[in-house]
Amino acid sequence: SFTDHYEPCCARVWIPDAEEVWKSAELTKDYKNGDASLQLMLEDGTSIEHTLDPKTKNLPYLRNPDILVGENDLTALSYLHEPAVLHNLKVRFVDSKLIYTYCGIVLVAINPYETLPIYGTDIINAYSGQNMGDMDPHIFAVAEEAYKQMARDERNQSIIVSGESGAGKTVSAKYAMRYFATVSGSASEANVEEKVLASNPIMEAIGNAKTTRNDNSSRFGKYIEIGFDTRFRIIGANMRTYLLEKSRVVFQADEERNYHIFYQLCASSHLPEFKNLKLSNANDFLYTRQGRSPVIGGVDDTKELSTTRNAFTLLGINESYQMGLFQVLAAILHLGNVEIKDRDSDSSVIPPNNRHLTAFCELVGVTYQDMSQWLCHRKLKTATETYVKPLPRLQATNARDALSKHIYAKLFNWIVEHVNKALITNVKQHSFIGVLDIYGFETFEINSFEQFCINYANEKLQQQFNMHVFKLEQEEYMKEQIPWTLIDFYDNQPCINLIEAKMGILDLLDEECKMPKGSDDSWAQKLYNTHLKTSSLFEKPRMSNRAFIIKHFADKVEYQCDGFLEKNKDTVNEEQINVLKASKFELLMELFHDGEKAISPTGQVQGTGGRTRLSIKPDKSRDSKSKEHKKTVGCQFRNSLQMLMETLNATTPHYVRCIKPNDFKMAFTFDPKRAVQQLRACGVLETIRISAAGFPSRWTYQEFFSRYRVLMKQKDVLPDKKLTCKNVLEKLVQDQDKYQFGKTKIFFRAGQVAYLEKLRADKLRAACIRIQKTIRCWLARKKYLRKRSAAITIQRFTRGYQARCLAKFMRRTQAATVIQKYRRMYVEKKRYRQKQAAALAMQTILRAYMARQKYQALLREHKAVIIQRHVRGWLARCWYKRCLVSIVVLQCCIRRMRARRELKKLKIEARSVEHFKKLNKGMENKIMQLQRRIDEQSKENRSVNEKLVGLENSYTAESERMRGELNRLRGVEEEAKKKTNQVTSLLEELEKLRKELSATQQEKKTIEDWAQTYRNEMEKMVSELKEQNGSLKKDKDDLNRMIQEQSQQMTEKMVRSIAQETQQLETDLNEERSRYQNLLTEHLRLEEKYDDLKEAMVSSNVSKPGHRRTDSTHSSNESEYTYNSEYAELEEGSRADVTRGMDTSLTLKLQKRLTELEQEKQSLRNELENKEDQFQRDDAEFKKARGAELEYESLKRQELESENKKLKHNLAEMRQSLLGDAAAGAGAPGSPAYKVLLEQLNASCEELDVRKEEVLILRSQLVSQKEAMHHKETMTEPSVYAEDVSKLKDADELKQACIGLKDTNRLLEHQLQTQRRTYDNEVESLRSELQNVKEENNRQQQLLAQNLQLPPEARIEASLQHEITRLTNENLDLMEQLEKQDRTIRKLKKQLKVYSKRIGEMGAGQTEGQTSPGQMVDEPIHPVNIPRREKDFQGMLEYKKEDELKLVKNLILELKPRGVAVNLIPGLPAYILFMCLRHADYVNDDQKVRTLLTSTINSIKKILKKRGDDFETVSFWLANTCRFLHCLKQYSGDEAFMKHNTQRQNEHCLSNFDLAEYRQVISDLAIQIYQQLIKCMENILQPMIVSGMLEHETIQGVSGVKPTGLRKRTSSIADEGTYTLDSILRQLSAFHSTMCQHGTDPELIKQVVKQQFYIIGAVTLNNLLLRKDMCSWSKGMQIRYNVSQLEEWLRDKGLMTCGAKETLEPLIQAAQLLQVKKKTDEDAEAICSMCLALTTAQIVKVLNLYTPVNEFEERVSVAFIRTIQTRLRDRCESPQLLMDTKMIYPVTFPFSPSSLALETIQIPGSLNLAFLTRV
């Protein structure tokens, strides 16, 4: 049929091959009709001749064009046949690492034998809500399609997962259920989806085992129905199981294991709770060691058991039941170890006290005697008697194994039943999705009853599959209204009839089982006699009479008849069951509660190596026990299969075919033989055949026009696209049967798309050649003109160069002559000057030598004279001293002689009387003189006595000193005495020294000689050292240079590290912000959930009267508001009812009460007149106190000014001290400057304490003034201000006085608590200061230790530098504290002014108010007396407490954002709310402030909950919430927020309340609104992004639509309802303009735009990574153009600096990756350096998905992808493939003060706020 395509040479075909199944070859010789062979060349260059079949003359299959290879859907291939399917799967699996492929309605899943990161939550979110054809094939796409069809069509769905063991059926079913659990969630709080997923580990533990083909093979089939409610949320599940392989319990082949649960128990036998099970290693038990492979690599059985137990617990199976299950399982292991021995040839016996049988009996609660008896005997019943017959050992062993299998089957059945109970809920099921995990077609060397049942089930499923495919094809043809032709497809109903019809194989088997002497041989003969001649599908093997062959849809299978009857009967010893029934073990009694089931279980006995399975889900519709007793395994399986088919036929099926790529579990290794076997067996090729028989290729008219527009001429293009396509096709394809025109699509036969692609490629190739020819001509001409121009230019420059060279030579010649002249003159002049200088030098040296000689002579003469002078002087002095001594001696002798003579004379005179008389006369005169002198002395004595007292003290001290000196001198004297004794010895030593001196002088000469030698050596050494020093200096310079370079490098490195640390800190801050904001989001979600629950409770309890409680988890403010608002609503709602229900008696009571109130009012009025005088007196006292306070304030100001001067003076002293002692280390601790600093610091601290006390005094005075004002205002009430209790007249006045005292006490308690808190804060601050001083002290000590290691100069400099820095910092701190004190004083002064002004106004008001009514009548008020002036508004709004709900309602709940945004100033509601808040703060009403803020916050939350999906509303309240937050900051009074305020705005600051905590609450609210805004924008943008950024063809004609398969993708041609890039830009502009109109802060707008662009980039990139058809060169160009348009939009809006462009960087790099060259290593290096914002997984994914749209593009080779992976393996990054589209950048709200004056704001009447009064 494809002869036309074989005519040209080089056609590519597929030929059969024994090894690779199909080989590719190329036609080397044109084929002509009638040729018997084809000349072909293989891909490796080998030439062969392919002989055609002489009977059929069928030509080989044609290959598809390369552009179609690797398609997501096999039906997109132009040539649909087996080799094309196999090759496409191999390319996708091996080269692109894609395991999923569509084949029409079937998803083909190939087991990769490797864990792939394609099943995460991000992938689930990416597939959620997408059309099946819009994403790459995936199990999640099939699950999403089933979920979507269930919701859309209101029809139940089924996902049929089939394949042979090891193909991945269980994993695929598990991922499908995980998808449903993640996407739908549960309708209740019971976590049903978790329970559904928790059933997997349980069923894997008890139903999965290791086989040679699979480590986790499911040894049973299961069908799980996942139930959904009306909102399509999971409410429960139900499981049905089929054909459990019971024989595995007692037998395992080599390299296989028993069920996992046995090995898990053995691995956990060491746990204390399992001690009583008496288990040990798995190799110790027969049932777990036969496969000789007890361990699976990479699996920890102990952990797996923990997982299984957790799953049991989650499903409600408690610990006692779990231990019971484990007891039964352990009992089965012990039963397998019971050894049965031969007694004789016909009987057997169990040895007594068998420990395993004992353990079995203890675990199951039966007697040892009974069990040992009936394990070796059986009971036979006849009509009259009953016999007990012993069993041979072999039969007894088989009976033991049958009992083990029966117990395990019962246990399996019980677990499934309880799992189903746990998964059932009380909610009514609306629909369900069934997941069928069932075995595929099986054929082995020996096939028995199990394979027969499995292949029978697959025949039924294949029939259902064929009918469904046929039905879909028929519906498609009818919908498109094309002629319907019957498609021939394989109908396997005859095969099914052969098995299940009357007198079929199963009927004959059941009939033979009923025969008393029925056997396998007789049954085989009946089969031969019945079907051999009547059925073409039944055959008899040539060499066997005990086997038969059935032609299944997949292949022929030969079944061995041995064991069919026994397996179909599945008998067990009735007495053994009775023993178990008599057990005291409750779980075992529950397992065997039905006697009939025990006798006729659904299982089999023999297990000699074949795979034996059991239908453990019996039909519940059985009429009676006797009927059930007779049912065989085959009958039960047929019934359960019939139920399954009925269920599947009632649902919409979805098919998943799992393929096992190889038998060795090697990752991404493809065995074509094994793959083809499974493709044939699972029906994929049948689907292909059915599709190929009709019109497999289908195009919409728009897609066809877009793709093949290049084949049309301009005149062929008509306005009607459908007519255009028809005209073109009639010209291109002559055979009308090759295509059909439907309503919306064109249908093509197989191969026609390839033909059209060839025509398109030829047309494009011809166009390319023409373009190349023209461009090459243009390039050649341009090159010639460039060369000609260059030649002319070179000639011109060459001639000019030669002329310049000649002129240069002439100039140089002349210049050389001049240079020579001057050079010679210079040489002669230099020679003359050298000679002159030499002569002068010689003269100078000679004259200097003569002068030095003369000077030396004069110097020697002068020194000789000096020596002579000194010698002569010394000789003269010596002569003089000798003469002087002689003269003195002589004088002493002469004087002694004269004195002796005089003495003799005096002695003679004294003896004479005359002399005595003379003496008396003289004595009298002398006495008189002495008397006078005594008088004078007595006068002087008084003065001297006075001096004596002073001198005595000084003498005492001096005497002490002298005594000390005397003692010292005595010591010296003693030493001198000792020294004199030493003199003699010293003289002797001196003599010795003189002798030694002479010897020393001789040695000196020797030493001098040696010193001379040493000096010479030292000089030589010094020269060497100098040389070394020079080299060392050089090295030092080099080292210094290196150090400098290294320091520079270190500096750069430090800068980089600091930058990195800064970046890391910013990242951490953003993460912390993000974490906090995520917590806020979670809190908001829980809050909304709580509100919903509360509303539900309210709606359910509407009829219940009384007070409704709020949840205690709410905050106090919120709870208070909730209660108040609810109470108010209830009160308002109940007024009408109360009014209607009022009776007459109540009216009389109210009238009586009204009279009493009037009387009380009159008495109060009288009392008020009595109190007016008292008020006047109090007012006078207040004014007096106010004057004293003002005087006190002025004194405080003077003190502060003087303190300021004192601090300045101290600072000047400290600086002088530092300057004066700088050289002596003034900064060191203990220095004067340090002491001065400490003194000043202590003084400042003391002064600070004083100031704090004064501030406390001022605050207490302010509080008392406020309280006094409050009392003045409430003076009209009978209360507190009586001067004395004695003046009170009655009990009421005493009560009022008591109330006043209580108020005063509360005020005092408040002041005391305030002072206590202040004291605590001061203590804490002092502790922190002390800690700081300690730290500073430690730091000083460390610095001192470091400085001691430095040189003295550096030490002083470093110490001074550090101390100056420290002192400067402390001075700045002190100045800052001083400024803070000044600010506090100014603030207090301001508050005092406000209070004084307020008190003055109140006093004036009270004075006016004291006028009695009579006076007012007598003295009318004249307008002239009231000063009229323009009112000075203070920017406040006053409202009554009862108007608060009305304020919130009109300003928040019922406000329309559009009118406010268009007509009024931005942020007006925020300004109004803040002005109301200011008034509440002004009047010091904390309750009013709290309720206003709480009601505002809750009302905003309420309006956002109600209209949270309206972008305009959310944006409006985000802007107003931020403005309200900024107002709270701007007018808070904090210095940081008052920098940009005007003087008037500073006067409007809040004066009484610190609302910092409420600012945080409002900031959190703003974050929640921001996240709501982002969510709202995301919901609006999400449908536009993929269509506008990827699918829409912005640049027309760049990318063409490739052929698609059955699952059509979204068209890239813009229809009327399709979103384009312009739609996205218009929506972004609408968002931006709305936020600008609402007055949103520019910085916040930038953050919103950044988040918008992140969402656009992330969604686009994620879709690109999951769509193979989008990864092409042309699509990369489209994406880059779209990104450039987005950047242009940013530029127009002035938002280029907001960081939005950077969020698109991954998308930009992905687009660049699609466009760059991808061949060489240089290209790989360029890609690695370019794609820094993409992860390795994303880069590799894009390269794997890269698909050429045209034949001119080349695919990316596998080697290139591996090169990229090798280069990127060192990257440290997340392995996550997709970007997180739910990620929200942390938002910040930079402070943005408003320049708007509050007093100028006017409230429009449209807001209905007339009850507000401007103040």
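Cβ coordinates come from backbone N, Cα and C, glycine included.
Automated prediction, rather than curation, is the source of TrEMBL annotations.
Per TrEMBL, the features are as follows:
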- 8-60: domain 'Myosin N-terminal SH3-like' (DOMAIN)
- 69-761: domain 'Myosin motor' (DOMAIN)
- Gly163, Glu164, Ser165, Gly166, Ala167, Gly168, Lys169, Thr170: ATP binding site (BINDING)
- 599-631: region 'Disordered' (REGION)
- 616-626: compositional bias 'Basic and acidic residues' (COMPBIAS)
- 641-663: region 'Actin-binding' (REGION)
- 913-1096: coiled coil (COILED)
- 1098-1134: region 'Disordered' (REGION)
- 1115-1127: compositional bias 'Low complexity' (COMPBIAS)
- 1147-1217: coiled coil (COILED)
- 1309-1398: coiled coil (COILED)
- 1494-1770: domain 'Dilute' (DOMAIN)
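The average pLDDT for the domain 'Dilute' (1494-1770) in the predicted structure is 86.
In sequence order, Ala109, Asn111, Gly440, Cys658, Ile659, Lys660, Gln678 are the residues of the chain that are 6 or more apart from Ala167 (ATP binding site) and have a CB within less than 8 Å of its CB. Gly163 (ATP binding site) is surrounded by 27 other CB atoms, counting those within 10 A of its CB over all protein chains shown. The local packing around Glu164 (ATP binding site), expressed as other Cβ atoms within 10 Å of its Cβ over all shown chains, amounts to 23. Report note: the ATP site is defined by Gly163, Glu164, Ser165, Gly166, Ala167, Gly168, Lys169, Thr170, and the residues of the same chain whose CB lies within 8 Å of the CB centroid of those residues, excluding them, are Asn111, Asn214, Ser217, Ser218, Gly440, Cys658, Lys660. Of all the Cβ atoms in the protein chains shown, 21 others lie within 10 Å of the Cβ of Gly166 (ATP binding site). For the binding-site residues Ser165, Thr170, the largest tally of other C-beta atoms within 10 A is found at Thr170. All protein chains included, Gly168 (ATP binding site) registers 24 other Cβ atoms within 10 Å of its own Cβ. Same-chain residues at least 6 positions away in sequence with a Cβ under 8 Å from that of Lys169 (ATP binding site) are, in sequence order, Val161, Ser162, Gly163, Ser218, Asp437, Ile438, Tyr439, Gly440, Cys658.
Here the region 'Actin-binding' (641-663) has, by DSSP, the following mix of helix, strand and coil residues: 9 helix, 8 strand, 6 coil. Across the domain 'Myosin N-terminal SH3-like' (8-60), DSSP helix (H, G, I), strand (E, B) and coil residues number 0 helix, 24 strand, 29 coil.
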